[in-house]
């Protein structure tokens, strides 16, 4: 019977049955393998069930652990300051950190975040002023202290450099502006010192009529104007003679300098006139024009025209102007004590334009002209010294409560001393006795007490002192006194034993006082500006860090001409105060 059944089943049917059995076997095998693999896969947390009205209230969560920064846990903490105020600090383990924004005000310290090679670093300093290294023994013909680093003309309390006088006009105690002998002497001494320490300037000559091959073809002479080469007997040289009506375009010379901005020219007018310099600047829009006119106008700004009066100039004179300073003082002109800050810079000196009738020669542009500024200051001191030998300061000065105000016309020992230092150097450079005689006359106010329009004070009825501010009662300002001593030293050394006897005696008496009184200015962590706390019984007038470093620089200088230990020891101790050093306590 089986054989009959097998015979009846077609062989194709057997093939289909075998295929179905094979497929079923494969499917069962894959299912088992997948379930086994799923048991080893990471399981994601199930989403929380949707909240329901009847769900149980949640239990309060435990507080979050402290944040972790750089692997260190920290937490905020209240810091109680002197039982007066509370600020937020940070605790990391046993350390407590307080914000620097609070520390810098509380301790009067300084710091900032700076970046080096792509990473940030916080730089902290106890003070903000630096001490200059004394290069060598001080000499009256050498660098004056650290004045090669001074830039008097850029100070915001300098209104401008006068076109008539060639020296700075100060606004420190009055927005109207006044000539201040200290500022003028510092202007001269800084440029003198720069001349000794800087490389010689690059000078480019644009026109000099003396050269035989010099041609006027570079000049532009519009219709109605003239320009000729003539011989000037007073100068024994050829010059350019020009004539250009005020309503004309003017006779012009292209310059095109993009690197240097000190312009100089020899000039003589026979009528009213002007020399104008066109400047392209970093400011968008038309160029600025600086006009140097034959008036006594100090400075004027109108739109993009800046005007400086340079006086009549009816005899040959050399005009030297710093175009950068003149531009920025003009743009920043204000009616307040401070010149407004500006970022505008000159890019190119385009051309020079003359109007009026006169002669011009030796037009140059240079990197610097330090000696021109030095002699401008020296000559101003000679011209403006009065019959007493002083340089009166024509502005009221109020030093503080308890001191009688100084009315216009007062003298300053610091002004007298720094003027001496300037004039002595001018004499040593030129051998012109005019400068030395003016310096010798400047000792006059040192011999008279403050009550008699002098600068002399006496401490404890014994020690002579020369007052920067000859107040009543005396104030005993330290830095001004030392500057006066340096000036007396310069004069005594230069004038010699006979002519310099008065200066030498004044210097010796002053140095004796300084050595005795210097410890009175030491607080154990800084220095004191004056002795008002002793004279008036008020709080001490602590010296700012820039005055503190001035005291150090002055003592370093004196230490090269007097080897008294008090100068060396004071310098060492006072330098330590700049980095947080303090005198020992009991």
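Cβ atoms here come from the backbone N, Cα and C positions, even for glycine.
Counting Cβ atoms from all protein chains shown, residue 568 (substrate binding site) has 13 others lying within 10 Å of its own Cβ. As annotated by Swiss-Prot, substrate binding site applies to 150, 155-157, 183, 398-401, 483, 532, 544-550, 568, with the evidence given as a large-scale study or a structure entry.
Proximity of residue 237 (Ca(2+) binding site) to non-local residues of its own chain (separation of 6 or more, Cβ distance below 8 Å) is seen for 209, 210, 231, 361, given in sequence order. What Swiss-Prot records for 208, 210, 237, 361 is Ca(2+) binding site.
Residues or ranges marked as compositional bias 'Pro residues' by Swiss-Prot: 59-68.
If you look up Swiss-Prot, you'll see 40-68 marked as region 'Disordered'.
The site 'Critical for catalysis' annotation in Swiss-Prot covers 150 (among others). Taking Cβ-Cβ distances under 8 Å and a sequence gap of 6 or more within the same chain, the neighbours of residue 150 (substrate binding site) are 186, 189, 190, 193.
When secondary structure is read from DSSP and collapsed to three states, residue 157 (substrate binding site) falls in the coil class. Long-range Cβ proximity for residue 157 (substrate binding site), meaning a same-chain Cβ under 8 A and a gap of 6 or more residues, is found for 170, 171, 172, 337, 338, 339. Residues or ranges marked as site 'Critical for catalysis' by Swiss-Prot on the basis of experimental evidence: 157 (among others).
Residues or ranges marked as site 'Critical for catalysis' in Swiss-Prot (evidence: experimental evidence): 529 (among others). A coil conformation is recorded for residue 529 (site 'Critical for catalysis') in the three-state DSSP classification, outside any helix or strand. In sequence order, 477, 478, 479, 541, 542, 543, 544, 547 make up the list of same-chain residues 6 or more apart from residue 529 (site 'Critical for catalysis') whose Cβ falls under 8 Å from its Cβ.
Residue 547 (site 'Critical for catalysis') carries a helical DSSP state (H, G or I). Taken from Swiss-Prot, the feature site 'Critical for catalysis' applies to 547 (among others), supported by experimental evidence.
The annotation topological domain 'Cytoplasmic' is assigned in Swiss-Prot to 1-8. The average pLDDT computed for the topological domain 'Cytoplasmic' (1-8) is 44.
Taken from Swiss-Prot, the feature topological domain 'Lumenal' covers 30-586.
What Swiss-Prot records for 9-29 is transmembrane segment, and it gives sequence analysis as the kind of evidence.
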Determine, from DSSP, whether residue 361 (Ca(2+) binding site) sits in helix, strand or coil.
strand
If H, G and I count as helix, E and B as strand, and all else as coil, what does DSSP give for residue 568 (substrate binding site)?
helix
Inside 8 A of the center formed by the CB atoms of 208, 210, 237, 361, which other residues of the chain have their CB, for the recorded Ca(2+) site?
209, 211, 235, 238, 239, 266, 362
Using the alpha carbons only, what distance in Å do you get between residue 548 (substrate binding site) and residue 208 (Ca(2+) binding site) once rounded?
50
Going by C-alpha positions, which of the binding-site residues (399, 483, 545, 568) is nearest residue 208 (Ca(2+) binding site)?
483
Counting only residues 6+ apart in the same chain, whose Cβ is under 8 Å from the Cβ of residue 399 (substrate binding site)?
406, 469, 471, 475
Counting only residues 6+ away in sequence within the same chain, which have a CB under 8 Å from the CB of residue 545 (substrate binding site)?
127, 128, 129, 526, 578
Looking only at 483, 547, which of these recorded positions has the biggest number of Cβ atoms within 10 Å around its Cβ?
483
